[in-house]
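K.L.:
Below are the structure tokens for one structure; questions will follow.
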Amino acid sequence: FQGGDTCEYLLSSGRFLGEKVWQPHSCMMHKYKNSEAKNCLIDKHIVFIGDSRIRQLFYSFIKLINPQVKEEGNKHGNIPFEDKSASIKVDFLWYPEVNGSMRQRIKSWTEGSVAKPHIIVVGAATWSIKIHNGSNEALAQYKINITSIAPLLEKLAKSSDVYWVLQDPVYEDMLSESRKMITNEKIDAYNEAAVRILNSSSRNSKAKVKVFSVSKLIAQETIMKSADGLHLPESSRDTNAMILMNVYCNKIMKPIDGSCCQPQPPLTLIQKMAFCFFTLSIIGYLIISLIHRNNYRKNKSCTDLESGEERKPSISTPNVSTLEMLLYSFCKLGLIMTYFYLCDRANLFMKENKFYTHSSFFIPIIYILVLGVFYTENTKETKVLNREQTDEWKGWMQLVILIYHISGASTFLPVYMHIRVLVAAYLFQTGYGHFSYFWIKGDFGVYRVCQVLFRLNFLVVVLCIVMDRPYQFYYFVPLVTVWFMIIYATLAIWPQIVQKKANGNCLWHFGLLLKLICLLTCIYFLSYSQGTFEKIFSFWPLSKCFELNGNVYEWWFRWKLDRYVVFHGMLFAFIYLALQKRQMISEGKGDPLFSNRVSNVLLFISVVFFLTYSIWASSCKNKTECNELHPSVSVVQILAFILIRNIPGYVRSVYSSFFAWFGKISLELFICQYHIWLAADTKGILVLIPGYPIFNVLVSTFIFVCVAHEISQITNDLAQIVVPKDNSTLLKRLLCIAGFFSGLHLFSAIQDQSRH
């Protein structure tokens, strides 16, 4: 941490990721669309003053507003541009030399009540070198001229954003004979003079001319691709224009993936209250710990000096009280949430953009898969989808998803489609697991529902408060929460059909199938009736949970993407448990699931379907079209995997304890990655150790996994306290929780009102 302004880093330093992606030092750059650029620059006047290089930058800049603009007109004259829809004016003023004419134009903006441009971009030098044949006298005159202009620019910088563009290096071997005198040595001398003179009279002032020196670094990497050795290739010019847009617009538009030039967001009322709560919890825990320690010392065994025997204390060491456990959990959680805030809300640690390469995704995948094989152990039971196996399944899927996110692999469509299947597989397990529990146990009590809801939502609710994010932002938790409630409602409403009842009369199986058909019909209807879906979830208080950016479209999109897979999981559980009850499958240790012949045929079909899906996903060309088919076909690869994993007896009898360990904390890993492994709400990468990317990933990953494990333990401990088995006590706790959320909603409304 250097304490520097990220705007300075954006304007002065960075590196290329690959050939075309520019990574500023310490922060993330947003890629502005033309609609965003218009919203930022509405009613603004921008002026570019200089030579042909500045003209290039001017054209790249206005193409961010209107991509249809063509580079035509008088190259050695003024060029106006106006976007009437957003009242944006952008002018290029042809002043190829820093001289009296340029000074007069700049001076006109400092006098009287003349309207000043909001942004001024200035730069020139190569014409002075060319016209005067690179003479020292020309350099001396340049220094005199820029000295006379500098105070005017500094005066303008008090009310406008003023940028001085340093001269880019040239590729001397490609220069024409008429430009041979423009050498990099001369350019460096002119740049040095500009940097030394500009802001010399306002060193301690906040209003400064911003020196745009990053263009030099970009040119050093790309000038070899120049058409004439002097002018930058188009991709480099576009990068410079995007940097300029980020410098000005990030503080206005506040894009999530544009951390450069963004000030630290102020603490909200709810965040301040959360800070006070965690502080009081830490103080309370320390006080109780000190009291218990003093009591323990007083009652500690001591030696009877006369008899030489040990005397037992009159009072035994007290057990940890519920209050102490509660304060201890909140104490740990408070420290962890402080780390979350520092990583992704305070401008303390660096953030960088993601950049995808095949090696950055596939090498870690191969590594963890090989590692998982080395931790093979025997399962305690050999049933299909036993606990160890489902934990293993969740674990390796979660690790693959984490690598997918940090490597930015969403840009590669075949990988994206396979990751979509992994997300669907999580939801499949949700349908399978909860259906199996309710079907076998028949436990529809409030305690079970509250336990599940608490474990799913506790971390997300805390993060919504601490990180100032809506509930729907952590989309996966709302998704599994709603599906759990749908499964519960489907099985709990009259008539309640469970395995015990169905065993007495086979007709109950048809009753359950009828319920599942009704569920499928409702899903199908909602999936093709966006208006009805949005009306349901736009009612208060559901709207507070499912709105994102003022509407529920994101929730609709997420729900629709995997709308059938939970139903598939429920149906699979029903069929499997029915076959198991009738002893139509063999689940003994080492035994194939069916007879050898049937097992071999099913195994062959499963492998074929598994590979067929992968081939289809890998051949996808259009994400929208593939997403349309995904809900109906994702179950093919999921079922194929289950059969491949469970039909052979030996394969079903072993599991990877390495993957299973991660599977037990998979939910925490998925949620925590948003802020303490990735950065800027998953849009970038957290940088704890700059300059050493592999070492940085190792350190941040170690902390991230430890934190996720700790939060899992905290959630389990608090679940036992907050959700007791006694119904009367549970009812009181539910009333307290309802009061908490009511208060949270009230403070949220006050907070929103103060923002507006």
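Glycine residues also receive a Cβ, built from the backbone N, Cα and C atoms like all the rest.
Residues annotated as domain 'NXPE C-terminal' in TrEMBL: 22-92. Annotation source TrEMBL lists domain 'Cas1p 10 TM acyl transferase' at 253-734. As annotated by TrEMBL, transmembrane segment applies to 269-291, 325-343, 355-375, 396-417, 452-468, 474-494, 506-526, 561-579, 600-617, 659-679, 685-709, 730-750.
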K.L.:
By DSSP, what is the split of the domain 'NXPE C-terminal' (22-92) into helix, strand and coil residues?
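P.N.:
Across the domain 'NXPE C-terminal' (22-92), DSSP assigns the residues as follows: 22 helix, 19 strand, 30 coil.
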K.L.:
State the non-local partners of the transmembrane segment (659-679) in its own chain: residues 6+ outside its ends, Cβ under 8 Å from one of its Cβ atoms.
P.N.:
28, 259, 339-340, 343-344, 349, 351-352, 372, 375, 388, 390-399, 401-402, 405-406, 426, 456, 459-460, 463, 467, 474, 476-477, 685-687, 700-701, 703-705, 707-709, 711-712, 715
K.L.:
Take a look at 269-291, 355-375, 452-468, 474-494, 506-526 and tell me which one has the most Cβ pairs under 8 Å to the transmembrane segment (325-343).
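P.N.:
Per the Cβ count, the answer is 269-291.
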K.L.:
Which whole-number mean pLDDT does the model give the domain 'Cas1p 10 TM acyl transferase' (253-734)?
P.N.:
92
